[in-house]
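Data first, discussion second: the structure below is written as structure tokens.
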Amino acid sequence: MDGAAEPEADTLVKRGAGSGGRARRGNWSGSLIVASLTGAFGSSFLYGYNLSVVNAPAGYIKKFYNETWERRYGFSVDEGTLTLLWSITVSIFAIGGLVGAIIVTPIVKYFGRKCTLLLNNVFAVAAALLMSLSLLAGSFEMLILGRIIMGVDAGISLSALPMYLSEISPKEIRGSLGQVTAIFICIGVFTGQVLGLPEIFGQESRWPFLFGAIIVPSLIQAAILPFLPESPRYLLLEKHNTSKAEKAFQRFLGKDDVSHEIEEVLAESRVQRNTKMVSILQLLRTRAVRWQIVTVVVTMGCYQLCGLNAIWYYTNNIFSESGINHETIPYVTLSTGAVETLAAVFSGLVIERLGRRPLLIGGFGLMIVFFSVLTVSLTLQNSVHWLPYLSIFCILAIIASFCIGPGGIPFVLTGELFQQSQRPAAFMIAGTVNWLSNFAVGLLFPFIQAGLQTYCFLVFAGICFAGATYLFFVLPETKNKTFHEISQAFAKRNKVTLEMQEMKHYPGEKKSSEEQDSNLSSSVDNGETKKGFV
């Protein structure tokens, strides 16, 4: 690649950044809002819902397992086997998620971001039917299989949705739009808690309806999403369809003149002119993104291993150990979902003002404090009558701290730290770490809790400390930066100049500056966008 390409690309980006009102903060069009809400409702909402939905009917499902076992084999299942079956039911969701994260890369490359979200609804509907009919069929295997398939849906959606949202949003609101993923995860958790109340579906005869309800968001997404455009960056950089990309930008930004946005993407296209989509192995071997990969692995690992999913999976047990009355637990649990939702909304409102870095580090820091206090509270609660209330406060504070920063920003960062050609592979790596960590927490937490008892949360405090320390020393701020500028921020840490970085990424045939100008102008003309972008 010619060294002249980089300055020209920088010029385009800087010219756009200084062009005033063409990409104003708060430029939320109707199509952008509908796309983000619809995509999140049929995707991240279902992930959150499936985290909490197994909590309320846990006792009834275990009873169903025991009755099925006794009917088949003539004797009741022993306590250890029942605990293992229940742990598998909870954690197998993450194995399905891992499968989804692995297969999402070729799917989003071939079908695009929007179509991947649409096709993903097939998994959700199939899982809902299996789980909701398991009691009627007398087969707990159907419930476990449904959890695996639902995990596949979640694994695909948690990669495809942030990718879609990061590519349809202007950089000024990219963080806020990316937080829609986290907000809908929280709303999903809260909805699962509400529907699990005894007055609704939290009864022995009604718990299958909790799983049947999954069909509703899937059908709504399948009905609305076809009328919205595909990602304009995907259309322009991967499908080379300038005309459709321009129309998509116009729909999402709510304006006719999208020349600045086309300029910005074409500047990236010029840098990546000889680029093919990068595989996982190629990405891992690329020195120029080494610290970006490590950062994504750390943030995604801490996202799961910080202990919040352990709280969601086993909230009832934790509150029971805190001395809360059994009949009161479902309503106390409801408060956790409400706090999580409010904290996630707050994060979405302030992320573009405060930035990603302070929210991430601050969130992990607060979790360390409250995990430590929770450990002391649980240890001494039998000697002081008011300490169970402090335990509840600490759990709510941990949830709020998580949602303010670590709850949604890792998904935003994964979309921001990599170029277009690297993004699918990066999301696959992030998804793999995410789901392996999720599985580990879901499977091991009951045994960690049994072994360490009230000190189990110190393990999570240590993980939060490690994550916050790493981010403090390594993570640059990405607020309001283009993808090109973020690459520049990491170039020094990766010990490569930006020119070397681009040469390593895109080692195709060199073209002269004049040839590139000619090709770029030609591609714009063919796309019927003749506004003199270059």
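Cβ coordinates are placed from backbone N, Cα and C, and glycine is handled just like the others.
Unlike curated records, TrEMBL annotations are generated automatically.
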Pick from 1-24, 313-336: which range has region 'Disordered' per TrEMBL?
1-24
Cβ pairs under 8 Å with the transmembrane segment (177-195): which stretch of 117-138, 144-165, 207-228, 425-446 has the most?
144-165
Near the transmembrane segment (329-351), which same-chain residues lie under 8 Å Cβ to Cβ, leaving out any that are not at least 6 residues past its ends?
52, 55-56, 175-176, 179-180, 182-183, 185-187, 189-194, 196-198, 202, 311, 315-316, 319-320, 359, 392, 395-396, 399-405, 407-409, 412, 479
Sort out for me which stretch, of 84-105, 144-165, 207-228, 386-413, has the most Cβ pairs below 8 angstroms to the transmembrane segment (32-49).
207-228
